[in-house]
Amino acid sequence: MAMWQGAMDNRGFQQGSFSSFQNSSSDEDLMDIPATAMDFSMRDDVPPLDREVGEDKSYNGGGIGYSNRIMDFLEEPIPGVGTYDDFNTIDWVREKSRDRDRHREITNKSKESTWALIHSVSDAFSGWLLMLLIGLLSGSLAGLIDISAHWMTDLKEGICTGGFWFNHEHCCWNSDHVTFEERDKCPEWNSWSQLIISTDEGAFAYIVNYFMYVLWALLFAFLAVSLVKVFAPYACGSGIPEIKTILSGFIIRGYLGKWTLVIKTITLVLAVSSGLSLGKEGPLVHVACCCGNILCHCFNKYRKNEAKRREVLSAAAAAGVSVAFGAPIGGVLFSLEEVSYYFPLKTLWRSFFAALVAAFTLRSINPFGNSRLVLFYVEFHTPWHLFELVPFILLGIFGGLWGALFIRTNIAWCRKRKTTQLGKYPVIEVLVVTAITAILAFPNEYTRMSTSELISELFNDCGLLDSSKLCDYENRFNTSKGGELPDRPAGVGVYSAMWQLALTLILKIVITIFTFGMKIPSGLFIPSMAVGAIAGRLLGVGMEQLAYYHQEWTIFNSWCSQGADCITPGLYAMVGAAACLGGVTRMTVSLVVIMFELTGGLEYIVPLMAAAMTSKWVADALGREGIYDAHIRLNGYPFLEAKEEFAHKTLAMDVMKPRRNDPLLTVLTQDSMTVEDVETIISETTYSGFPVVVSRESQRLVGFVLRRDLIISIENARKKQDGVVSTSIIYFTEHSPPLPPYTPPTLKLRNILDLSPFTVTDLTPMEIVVDIFRKLGLRQCLVTHNGRLLGIITKKDVLKHIAQMANQDPDSILFN
Amino acid sequence: FHSLILLLSDAAKNFEDVRCKYICPPYKENSGHIYNKNIFQKECDCLHVVEPMPVQGPDVEAYCLLCECKYKERSSVTIKVTIIISLSILGLLLQYMVYLTLVEPTPKRRLFGHSQLIQSDDDIGDHQPFANEHHVLARSRSRANVLSKVEYAQQRWKLQVQEQRKSVFDRHVVLS
């Protein structure tokens, strides 16, 4: 309490500034958002600042020469300088140069003593050790999630009396009472009707099962949303749009924290088990990135440097996808293509290592009992024919159409959730959607089973001894070789399965639109793959029957002889799944690699690529962005899209601030302002940084100083340095300016000044400016005219300009 | 030495966790049957598993060719441990949630001093850099008592979560 009173004693400045801080934040336009979490004493991720006192001297702001630090050696580094506010963009250049300085210092010191040498070697290896730990932790968590989700999903149907921890499959695993006709039933597994009314037959038993199914689904969903709401609100949603933004340089404190990790893991299990139409791949990426972020705190090199940390997060994202799909290479490519912003080559090798360790850890936990990583690993190798490219391209078109439709409707629904009353009742929304899903899902066996099982069954090529309804073909052939089965006419089971699958398709298409984006962890890889797999299988079975009954048509008889296995519906399901997934996420290389790692068949690359390309073209023709970019735009994150070209002919002076009628640019002079002047400027404006010029008349640029650093330094000086008062002069030069005698002591703030700010001239085309922002990761860029400082362009200005040029709403960019 | 390791690892696997399964279709007058046996992979072949053999003599080979063999392994201990771990974590979280929402309904009673000067609830978490600096730079005031440190951390965490909740649920600024 006393320290606050002490602050209040520092005259009206504090009180005056306090009210302006109520509704001010970093940049000018940030005032539009009322107080986004700015109180950074609450930030868990920022190391409590008192720990930094007396730390390594090299963390003293950025852009300073090595020689300067010898002078600063005498000054203590001020805690907090060089860190960032929440919901702000980092300065990539500063972070990278800090890391280089640190590395240089360690290398130079390593020649002095053995201990320093060991230190430098361990510093080099710390990256690899960190990757190993991330892989181990992600793999273990993924194993936990998989096993728990499997168990809880089956909990809706019954319980195992031979050990409650077994799910249906494992309960009957050891049973000797499984018959050939009914391969799913065994006496150890009791459905709820068997436990409650001791019978499994009859209408009443059906109703009891139905009721228990819906009840369990609602219970799981309610637990999930309450846990999210009470403990970690950041754990909802997929996580990939936010991680994309974080990796491009944005800071969201707490998004990758411990509580978010725990809650996301547990609620993901609950959400998947409740039967909702969502997947766990996106949230697994979030979980893996949380692991990465938490483990970064063990290593100094990564804890203090935001740019290095993002390299680790890219690798962690690769590990996340790798455990989700059992596809290490696909995971690395997904991280490269979809999630990361800057992906140096060194990160490629490390990501691969992390992904491999994660996949290996998951395999050794062995959640599926068959030493495979993913539930739907298929191994057929039947060849496909060139003519089949036609239906594959049809599937691609379907995938593209569905992708565009889904994105548009989902974004419209999410916007409704964001702006209208619907958003005020998240718990009720989750419960209603779960109730609808459960009630509609129970009657149809294909919607009752979990989506992963459905996909697995659809990908499966029917053998002679498969007992599922989808494989109910009439075996009219007379050879009994155990090899390939010829095409067979469909039996009754197949026809009824087709009807049920068609209904499943419609239900899944509709319900996923409302499910993705709710306040529980939700992914969308599995639902999209399910939609595509159903469509593919329907088409495949249709083609197969067509080929069987119309052997004589020219399109078939050239390559399909009587009694041969021409068409594999399982392959069509795979291609359909790839097409739909590509249509929604607009993945290209990573999608094909993930799909062929899932199947193990290199022969299917061409159909997969054909379908993926077609679906991407169709979807791009209908809508520019993938689902993740669309969500980024919906939330207004400051994400500068790296893949698009800026094709307009505007100049830097059209975008820079101040505009023509605005007041002049607020600058600080290098040695003629007092502490009071600076504090007034800080309190009156909301800019996140100020250029420093030689003098107001000349406007010649010296450097750039950040608001946060100024505030921290001035506060620190008032507390710690003797004699610093409001009329003390602040100087940014090497030596104090000549002053008359009897003036109060001066305050030197050169160590927080960035001496190498980026500048462009006012006539620079915006194409080049946008390119500079993208490639260097700048946050702001100064504009000069004939060598004199004219204005400033921030990243937010660039984003608004791009939005304006694309006829979108420039006010939707919320953050800087 | 190598075979000793193999032997040991085989023995270490729970006997009940390996299973060889033969699915045999209907053949002549025999109906379809499933044969299971808990044996290791080296012994997983038709003659060891399909007992009693329903057909005689030359039919045995034809019958065996029709059957489909699956060898499966699992670790029931892993499953049991994992489920118990997740259920206990879930249980702990639920208990804590009940405690937070029902037992401790006034989370803001013992906040830091400066927050009492905030005019209204909405202003918690506003940008208060100077306030924060006072708090941060004058850490020497923090009490050394472990219990109070835990409570302090808990209060800090609660404010954080409240901030997050506001951003996500109320203002729909993030994660809409």
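Including glycine, each Cβ sits where the backbone N, Cα and C put it.
The feature transmembrane segment, as given by TrEMBL for the ranges A:497-517, A:602-622, sits at A:497-517. TrEMBL lists region 'Disordered' at one of the ranges A:1-26, A:79-104, A:469-494, namely A:1-26. Contact check: the transmembrane segment (A:571-596) against the transmembrane segment (A:210-235) gives fewer than three Cβ pairs closer than 8 Å, residues 6 or more apart, which falls short of the contact criterion. In the domain 'CBS' (A:656-720), helix, strand and coil residues by DSSP number 24 helix, 16 strand, 25 coil.
Outside the transmembrane segment (A:386-407) by six or more residues, the chain places 509, 512-513, 528, 531-532, 535-536, 539-540, 543, 555, 559, 567, 572, 575-576, 578-586, 606-607, 610-623, 625-627, 630 with a CB less than 8 A from a CB of the stretch.
Stretch with the largest number of CB pairs closer than 8 A to the transmembrane segment (A:427-444), among A:125-145, A:210-235, A:312-336, A:497-517, A:524-543: A:210-235.
Residues 238, 277-282, 324, 388, 391, 394-395, 398-399, 402-403, 406, 451-452, 454-455, 458-459, 470, 490, 494, 498, 501-502, 504-505, 508-509, 512, 515-516, 567-581, 583-585, 627 of the same chain lie 6+ residues outside the transmembrane segment (A:524-543) yet bring a C-beta within less than 8 angstroms of a C-beta in it. Remark: secondary structure over the domain 'CBS' (A:752-812) totals 26 helix, 18 strand, 17 coil, with classes taken from DSSP.
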